[in-house]
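TrEMBL has this to say about the protein:
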type	residues	note
ACT_SITE	C63	active site, nucleophile
BINDING	W96, R129, V130, T131, V132, E147, S148	glutathione binding site
DOMAIN	173-297	domain 'GST C-terminal'
ACT_SITE	Y196	active site, proton donor/acceptor
SITE	Y254	site 'Lowers pKa of active site Cys'
SITE	Y297	site 'Lowers pKa of active site Cys'
Amino acid sequence: MGLLVDGQWHDEWYDTDKTGGKFEREAARFRNWVTVDGSPGPAGEGGFAAESGRYHLYVSMACPWAHRTLIFRKLKGLERHISVSVVHPDMVENGWEFREDDPAHQDHLYQSQFMHQIYTRAAPDYSGRVTVPVLWDKRQETIVSNESADIIRMFNSAFNGLEGVKSGLDLYPEQLREQVDSVNERVYDTVNNGVYKAGFATAQDKYEEAYSALFDSLDWLEQILAGKRYLTGSQLTEADWRLFTTLIRFDAVYYSHFKCNRRQIRDYPNLSGYVRELYQVPGVAETVDIRQIKQHYYVSQRTINPTQVVPVGPDLDFDAPHGREQVG
Ligand SMILES: N[C@@H](CCC(=O)N[C@@H](CS)C(=O)NCC(=O)O)C(=O)O
């Protein structure tokens with residue numbers, strides 16, 4: 001675990017001293033957008049037109065933020081247009097890395113050893129954390145974006161004109177945008193990032209704050225899902241997929257490793273049926289790798305788990321019937 005300072009790698013854990021023990025996530029630095037014709041998007045520079053084969057996605061199977069982008073790539077039918085490299089689940093002294101002897105964890109573009117080399121290839125004097133996902137432009141040899149929230153919006157609409165892309169599937173529909181944004185805001189702060197705030201806190205009060213906000217939100221979501229099939233009604237949207245990637249990791253990792261242990265997701269009837277339903281959407285199960293998820297958190301985060309022993313359980317069955325047909 002570490003970061004780049006003026007293009008040089010430093011092996012350092014998150015500094016929570018200056019925030020009284022609170023974990024604060026660093027904002028992503030590359031915020032350009034792929035658009036249909038290459039005109040600038042909501043932020044950054046233009047010049048990134050949606051073209052088949054031009055872009056490459058760097059992900060970790062363990063990472064909930066990267067997971068969103070893999071789900072969108074799959075659901076939208078973008079696999080033949082956007083290639084992927086997967087980093088190794090162990091993120092230790094050198095940060096995310098590739099393994100020469102492991103075909104599943106190689107950099108297919110440059111055969112890099114470390115993910116930080118991708119960042120310095122784009123910006124030789126880059127300072128900041130080296131995170132996944134990264135959307136890479138093979139043409140300009142640079143990073144388009146390292147913000148998953150933006151990447152899934154690009155995947156939702158920019159590539160719609162390409163062959164085989166499911167242009168009819170809109171996960172951020174105009175009429176639901178306000179609702180989606182509003183759910184996202186609370187879910188991001190208290191659930192997606194909330195589990196990290198609990199897990200990475202180095203002061204009791206900061207942990208407890210995050211813990212309370214997280215379980216208040218899970219109660220709120222459980223309530224919503226009692227009356228609605230999905231978070232904004234009868235249609236699956238971006239808001240659901242953003243919540244899903246945290247829920248699917250919860251019982252295996254966040255409950256124990258991040259001390260989010262008031263309840264497991266399987267103790268919530270609606271949330272647990274809902275996570276199974278989303279898991280069973282065709283294509284999604286292939287994006288879920290519980291073995292790599294557990295391996296990453298328990299091995300990489302040595303300040304939390306110094307022995308690096310990975311727990312065997314819990315037994316999870318996301319293929320069991322979800323029973324959500326009757327809701328809403
Ligand atoms: N805002 C980013 C956050 C991505 C992120 O924090 N990814 C984690 C993995 S789950 C990471 O790469 N962390 C490395 C680090 O912080 O050094 C996004 O949503 O794309």
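Including glycine, each Cβ sits where the backbone N, Cα and C put it.
Remember, TrEMBL labels are computer predictions, not curated facts.
Each of the recorded positions Y196, Y297 was scored by the number of other CB atoms within 10 A of its CB, and the lowest score belongs to Y196. Taking the Cα atom of each, E147 (glutathione binding site) and Y254 (site 'Lowers pKa of active site Cys') are about 22 angstrom apart. For W96 (glutathione binding site), the same-chain residues that are 6 or more apart in sequence and have a Cβ closer than 8 Å to its Cβ are S60, V87, H88, F114, M115, H116, V130, V132. Calculated from their C-alpha atoms, the gap between Y196 (active site, proton donor/acceptor) and Y297 (site 'Lowers pKa of active site Cys') amounts to 11 Å. Taking a Cβ cut-off of under 6 Å from any atom of ligand 1, the recorded positions R129, T131, E147, Y254, Y297 reduce to R129, T131, E147.
Each residue in the domain 'GST C-terminal' (173-297) gets a DSSP state, and the totals come to 92 helix, 2 strand, 31 coil. The DSSP secondary structure for W96 (glutathione binding site) is coil. Considering only the binding-site residues T131, S148, the Cβ with the fewest other Cβ atoms within 10 Å is that of T131. A 10 Å radius around the C-alpha of C63 (active site, nucleophile) takes in these recorded positions out of R129, S148, Y254, Y297, in sequence order: Y297. Listed in sequence order, the recorded positions from R129, T131, Y254 having a Cα within 10 Å of the Cα of Y297 (site 'Lowers pKa of active site Cys') are Y254. Neighbours of R129 (glutathione binding site), defined as other CB atoms within 10 A of its CB across all chains, total 19.
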